[in-house]
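Heads up: the structure comes next, in structure tokens.
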């Protein structure tokens, strides 16, 4: 028999993975980030719309992450293809902090005019522009005038003049001396000025005034918040150092926010478009913070957790997008100012605080007491009675009620039990209706066999699991807890699903009706469901040999054989093909991963856990849903658009193929450069270096010649 794991098989599997994984990366180039994108470089976070790999960034926001000089040190991040170093990225303020290299222009040739440029590493067309509100011009020199001209039209944007008190150079007088003697705004030895217009590049004109010393002139554009020192400006060899500067960035150039339509780039709820002088960007709405460029990226700010910023001298209550600051109960006034809340004297407001006894006010509340010689409820009229009247009433009550108390004591336990049983019965009926059990009965009424199998009572499941004994728990995950039980002499798996959105119940019931008709040897069979609990219970056939994840990621060098891995991959592909194309109605799994692929005693694959699955009408190619899945396996296109298609499962299956080849865990793998398992695999595949990541066991089971 021919060896399944031949080199042809390895190449074919790698080619299949490339087919499954590369298109989503390319298609996502202008749409949004995927779960497989690099999100950090060194200690710098990379938020979308920025990204490193193709398909992980918005057009024009590609970055380069590479190791330090000589391959040593922490990785460094650069704009574009790697000329301008990035120090920090802020989506909240739409800024990028960069290392801005100073310009050293020598005058040792006797000339009086020099020219230079700033921004040579930035694209002329954007999306980056120097922030005029954050940066300043800094000049170190003697008797020198520096002028900055912006853009192709050479508009004047800044200028300053630096003077030195010396008319002739003294021995040892260097530009370092100038820097150390700089007195800031006075213009002595240096000068600085604001930058009034924002451009992506500038022309620099330097004029040496009459009597100016023929020294090298140093010009910097730096963050105005930076307090520089001479050692920051010059390296030991007197070459210039780079100092931080801040760039603004926009998502669309030379455009303004549309007034009547939504902005496709502002993808998060609670986000808005913000027009600037060069175009527009996105920001979270007031009261929210985060990333407006990704779905659900803007999250509510809990102002009550930041009392230094959001001052409240009373009771703070967070609300969506805002907060409420109120005086505590028993106080009134303005809680947003010191001593703004004052005590309410309830005894002076009898119409609002009933008291028919003695009223006593104290800070924040009051006390209402019965008069001396009486007791009872002073908050109601006639509620306080004398002690003598109370004694007479008590005597009569004991005589009449003695017999009733005896009967109540004898029949109490029986009555209580009947009440509890009736309450449980009503509760089960309530859940059955809420979970649309009547709808399910209607859907399957045309097939009595399905109806007999599908509707399972809670009593039967309690009996099958010893009242859901915790000892019966055999697994669990993001969609529920699984119990092992015996039902009709058959070992079954009973899962408590975690459906929390009421509007999804209808779809869930329809899926149950459809899945009941699924019949494929590589799909775990759904046997029935119970709707008499708050959360529906699903009953599946029991698979005893664990998951592919457990078999693949065992301790030690030996795992599943290469033959078994190839066969399992083919079986899973057949199951997905059946669900997508051959079932009575297409079913998209939505959470394909190795832990959801079960293996029986013969290592036959069984696709399981349909807690997130959705059926799709035959006349549709997809459906928009809330994004669900597992990090590392999630399709980037589905993550951004929320549109579920068969390609969503196909991408996740491609990740499983990578996992089969490498024996590495997609959900917690990180390469040296901070990349995910998928991005690293695709990169090595393109470089023909798969030997660096493929499981050594695969090569040990191959012929040397074939490898």
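Here, residue 1 is simply the first one shown, and the rest follow in order.
Just so it is clear, glycine is given a Cβ too, placed from its N, Cα and C backbone atoms.
As the structure is a computational prediction, the values presented were derived from the model and not from experiment.
The following features are taken from TrEMBL:
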SIGNAL    1-28  signal peptide
DOMAIN    300-337  domain 'EGF-like'
DOMAIN    343-380  domain 'EGF-like'
TRANSMEM  391-416  transmembrane segment
DOMAIN    468-707  domain 'Protein kinase'
BINDING   496  ATP binding site
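Among residues of the same chain six or more beyond the domain 'EGF-like' (300-337), those with a C-beta under 8 A of the stretch's C-beta atoms are 270, 285-289, 343-344, 346, 363-366. Each residue in the domain 'EGF-like' (300-337) gets a DSSP state, and the totals come to 3 helix, 14 strand, 21 coil. Across the domain 'Protein kinase' (468-707), the prediction's mean pLDDT works out to 82. Long-range neighbours of the residue listed as 'ATP binding site' (same chain, six or more residues apart, CB within less than 8 Å of its CB): 480, 481, 483, 533, 535, 537.
Under DSSP, the residues of the domain 'EGF-like' (343-380) split into helix, strand and coil as follows: 3 helix, 14 strand, 21 coil.
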